[in-house]
Structures are given as C-alpha cells and as structure tokens.
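Feature list (source: Swiss-Prot):
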- Lys195: active site, schiff-base intermediate with substrate (ACT_SITE)
- Lys248: active site, schiff-base intermediate with substrate (ACT_SITE)
- Cys118, Cys120, Cys128: Zn(2+) binding site (BINDING)
- Arg205, Arg217: 5-aminolevulinate 1 binding site (BINDING)
- Glu233: Mg(2+) binding site (BINDING)
- Ser274, Tyr313: 5-aminolevulinate 2 binding site (BINDING)
Amino acid sequence: MKFDRHRRLRSSATMRDMVRENHVRKEDLIYPIFVVEKDDVKKEIKSLPGVYQISLNLLESELKEAYDLGIRAIMFFGVPNSKDDIGTGAYIHDGVIQQATRIAKKMYDDLLIVADTCLCEYTDHGHCGVIDDHTHDVDNDKSLPLLVKTAISQVEAGADIIAPSNMMDGFVAEIRRGLDEAGYYNIPIMSYGVKYASSFFGPFRDAADSAPSFGDRKTYQMDPANRLEALRELESDLKEGCDMMIVKPALSYLDIVRDVKNHTNVPVVAYNVSGEYSMTKAAAQNGWIDEERVVMEQMVSMKRAGADMIITYFAKDICRYLDK
C-alpha cells in the first residue's frame, strides 16, 4: 500500500523547529499597562491575576521590567481621579495617559507607545462618546471631535501610534484628518475597526473602571454572530486611512483574523483580551492546564490565523518563556 509519510518531518525536535511555519517573537508583542493617577498604588486586579493598576509615581519600575525583558511596545490605559460626561480627562495636557507617555519616552526613546484613543475610561457614564439627551445613545458625530482632540493630545505627549477603540463611524477619517492638519503626517493609526460587543471584555472593565453605567455597547460594537460585517468595517477603515487593523477579541474570532488578513496588506493585530487571559490563568492556578504550553499555543494560533502583532497581558510571561 502506498501512502504519504508526513511523520518524516516530525522525527525530532530539531526537525520540527526547522520546518515550523509560525513563530512568536518578542517583537510581536504589545503590553497593556493600567495607570492610575493616585500615588503609591500597585493593586492587583482581582479578575486579572498578575495584572496591576500602577500609579504614575511607580510606573518607572514596571516599564524597566518590561523593557529589560525585551518588550518594545506598550499600550497605556488610564484610570483618572475624576470623570465627567464628555471625557475631558482623555484630552487634557496633564491627563494620566499623557503623563505616563512622557515618563516612558523620557526613559526609553525606542519604546513604542500605542495610545488607546477612547473616552470610556474618562466619562462618568462609561460609554465611548457623548450621550444624546433624547435617545440616551452615543451621539456618533458629536463624539468625533473629542476623539480627534484626544489623539492630538496623545501624540503631543509622545505617543508613536494612535489606536482608536471607540467604534464610531468615521473615526479613522476624522482622526487622520486631525492629525494631518496638526502636522502629524507620519503618525500611524492602528484601528480597532473590527471590535465585537464581546462578553470577554469583563475583567478589563474592572481594571479600567470603564463599565457602562447604563445599557451596553451593542449599538456601536459589532454583533459576535457576524462575519461579513467585519469586512465592511475593514474596507471603510482602509479607505479612511488606517495603517494597521486590530481584531478584538482574538481567540474566539480567529476566523475573523484570517478573513482580515486575506483582505488587506496592512499589518493585522490580534487583541488577546482580558477574559481570554483570565480563563487561562484560572485554569492554570487550579492545576488543570500547563500555563506556559497553553499560552504559547494560543499565541501561535493567533500568528497562524494571520496576526502580525498580538496585544496581550501575557507579554512579560511570554518573554520569560522565550528566554529559556
């Protein structure tokens, strides 16, 4: 009987390494950090074991640890002392993210700062824009100028990449126009243009204190049941000028990661979100899985699906695994 002998290329660790199609590198990773304005806080987030809210005055040690491990891209999320109905803290000169960015760039000029450009962490209602008094929904067009102000403020503080996550229609076009008019032609936009209204975001909202005080985000984030809608969002953001595209969440949406990769030549970013992280951590802490092997398999699955970069709370752990 004649048959194919595929096992020839699996015969040893060296052989398997030689023919491996996808690899996870430190350069692929973007590490999220939650920064609070209050002094002397390093508080572990209960629903995100091993992830902390960190004060501005303690940020340097966290940045040094990440940098020394080989991480070269950071994404800051701010937890401000005060909030209002229009998210003023997102775009003021001395906002928590602006301060964190200046600290990071002063320490390491080659550390890329990816700015999460949204209002939900700064609004007292927890939504990603201005609320219409009549519909009690987010007013898309009134929110856009505030997002532009936020992006410009973040770049002025030293951000290298703008990553708008609010899912307002036209947000990429307006931010691109605003950045260009301000002279920031070379600042790329990493759009969260394929962002689903996912239940996997729960622990993040604990970490960033950004849960909506009423309703949900289903009128602006995507329905998890939809696949073709992702391609429509992608097409719009590409026309509007995005330079990179985020798919969020990642692990339950690997088909979407592959679809996006197949329909664009811009880099694709997978966001390994908080709920995905927490499930893995919980199973590992109970001894049900081998954390290192499962984490690396998850990362490889995202790369195999088409991700060029991965935003993950496991970034420091992955660097340690790769150093072994």
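Using the three backbone atoms N, Cα and C, a Cβ is placed for every residue, glycine included.
All protein chains included, Lys248 (active site, schiff-base intermediate with substrate) registers 24 other Cβ atoms within 10 Å of its own Cβ.
Around the Cβ of the residue listed as 'Mg(2+) binding site', the same chain contributes Gly193, Val194, Met222, each under 8 angstroms and 6 or more positions distant in sequence. Taking the Cα of Lys248 (active site, schiff-base intermediate with substrate) as the reference point, the closest of the binding-site residues Cys118, Cys120, Ser274, Tyr313 is Ser274. In this structure, the C-alpha atom of Ser274 (5-aminolevulinate 2 binding site) lies 17 angstrom from that of Cys118 (Zn(2+) binding site). Considering only the binding-site residues Cys118, Cys120, the Cβ with the fewest other Cβ atoms within 10 Å is that of Cys120. Of all Cβ atoms in the shown protein chains, 24 besides its own fall within 10 Å of the Cβ of Lys195 (active site, schiff-base intermediate with substrate). On the backbone, the CA of Tyr313 (5-aminolevulinate 2 binding site) and the CA of Lys195 (active site, schiff-base intermediate with substrate) stand 18 Å apart. For Ser274 (5-aminolevulinate 2 binding site), the number of other Cβ atoms no farther than 10 Å from its own Cβ, over all displayed protein chains, is 24.
The 10 Å shell around the Cβ of Tyr313 (5-aminolevulinate 2 binding site) contains 26 further Cβ atoms across the protein chains shown. Note: the Cα of Lys195 (active site, schiff-base intermediate with substrate) and the Cα of Cys118 (Zn(2+) binding site) are spaced 13 Å from each other.
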